[in-house]
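For reference, the structure is listed below as structure tokens.
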Amino acid sequence: GGGSAEQLDALVKKDKVVVFLKGTPEQPQCGFSNAVVQILRLHGVRDYAAYNVLDDPELRQGIKDYSNWPTIPQVYLNGEFVGGCDILLQMHQNGDLVEELKKLGIHSALLDEKKDQDSK
């Protein structure tokens, strides 16, 4: 299994955007995991690493210990723990997520939509 802090450290740092879900991005198994997937989709973030904790009980417990956060989903940006669904939603609503993605060199799709609205 992949529950050790060293393994998790490597996992969260391997990709710019990493999420731990119940289920998969194609088939989330809980509403909160689904919300995280939808928010990333809104921003056009397709290229992220998703790990299904339901497949791996060691991972499920390990990631909670690693982040010191009791629930799944969990979102990591650039190896840093961001939070769960509620925090991601807040960042989405207040514009922070666009900025954070920009720092990672990821251009949010919402910026393009906004431009379209401005030019109308």
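Heads up, the Cβ atoms here are built off N, Cα and C, so glycines get one too.
As written in TrEMBL, here are the features:
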type    : residues : note
BINDING : C30      : [2Fe-2S] cluster binding site
DOMAIN  : 17-82    : domain 'Glutaredoxin'
Inquiry  = Taking 10 A as the limit, how many CB atoms besides its own sit near the CB of C30 ([2Fe-2S] cluster binding site)?
reply    = 16
Task = Quick one: average pLDDT across the domain 'Glutaredoxin' (17-82), no decimals.
result = 97
